[in-house]
Amino acid sequence: MTTIIDGKQLAKEVNAKTKERVSALKERGRVPGLVVIIVGDDPASAIYVRNKHRKATQLGINSIVRELPATVSQEELLAIVETYNVDPSVHGILVQSPLPVGLDEQAIVAAIDPAKDVDGFHPLNVGRLFANLPGNHPVSCTPRGIMTMLHSLPVHLRGKHAVVVGRSMIVGRPMAAMLLNADMTVSVAHIYTKNLSELTRTADVLVVATGVAHLIKEKDVKPGAIVIDVGMDRDENGKLTGDVDFDGVAEKTAAITPVPGGVGPMTIATLMEQTVDLCEWSE
Ligand SMILES: Nc1nc2c(c(=O)[nH]1)N[C@@H](CN(C=O)c1ccc(C(=O)N[C@@H](CCC(=O)O)C(=O)O)cc1)CN2
Ligand SMILES: [Mg+2]
């Protein structure tokens, strides 16, 4: 029997807890504040940012969306980030990715106060994650949401083999670190990996984040594996689909995420959770 991991339902559960935590903070006179900076007019980014704003507002988080033209300079953007770094009503700051060409995304992320780095992309927070340092620190929301999904399943991760396909800073790399921190044996595959199928077929947990529609087919998956599809691709008819051929693969798995309705909703729920974490940690 295959479990279809319902990201929308799990996100609702995470959001309900976040809302309670926001209420408790408000009783102590504190309101979590989130700033989302969006530069330019990428239509997909505009939708994600609108969804973040809507969800934050629903949960009682004070949400500010700062829309900037694609012509904004690096210096102007750094100065804007600094105004939020020093604003005590702001607990989380994020810069929607991707930025228009010409802006140095890494330098801008590095300018965010690490204690307000709600995306967990700041090099200090990335280092803390990779070193598995104790203590509170923000991490990338998509892989953290995936860990929540994995922990919702009746399986033990320790000692099992995880294969992460993709090595991006947002998903693949932090995902590998989190699975390693959960005591899994972790392999990371990428565009230069030879015999990808041979590797993915050894995965107890397979996380795929490549942006290649239906890269992973039935032959690439071990029977009984848990398959997490981070892809948000378009098929030949323009329909949203994942990196995994869901129809071919699902039956063979113990559990699998759909696209849409899997990882995506958990990313936003986790962002809200982490905004509240940052507010609490700042107390
Ligand atoms: N600064 C950041 N930029 C980006 C991040 C991020 O975590 N931080 N992640 C992605 C975009 N993203 C959030 O920002 C995001 C993408 C998709 C979804 C989502 O809910 N997807 C739905 C389907 C949506 C659709 O129909 O198009 C789903 O999978 O069900 C949420 C958040 C890149 N940039
Ligand atoms: Mg999804």
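Yeah, the Cβs are placed from backbone N, Cα and C, and that goes for glycine too.
Automatic prediction, not curation, is the source of TrEMBL annotations.
Some features that TrEMBL has for this protein:
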type	residues	note
DOMAIN	5-119	domain 'Tetrahydrofolate dehydrogenase/cyclohydrolase catalytic'
DOMAIN	140-280	domain 'Tetrahydrofolate dehydrogenase/cyclohydrolase NAD(P)-binding'
BINDING	G166, R167, S168, I191	NADP(+) binding site
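The NADP(+) site, placed at the center of the C-beta atoms of G166, R167, S168, I191, has further neighbours from the same chain whose C-beta lies within 8 angstroms: V165, V171, G172, V188, H190, A209, T210. Here the binding residues for NADP(+) are G166, R167, S168, I191. Their largest Cα to Cα distance works out to 11 Å.
Across the domain 'Tetrahydrofolate dehydrogenase/cyclohydrolase NAD(P)-binding' (140-280), DSSP assigns 54 helix, 26 strand, 61 coil. For the domain 'Tetrahydrofolate dehydrogenase/cyclohydrolase catalytic' (5-119), the DSSP counts in helix, strand and coil order read 60 helix, 19 strand, 36 coil. Most Cβ neighbours within 10 Å among the binding-site residues R167, I191: this distinction goes to R167.
Counting only residues at least six positions away in the same chain, the Cβ atoms of G172, A189, H190, V207, V208, A209, T210, G211, V230 sit under 8 Å from the Cβ of G166 (NADP(+) binding site).
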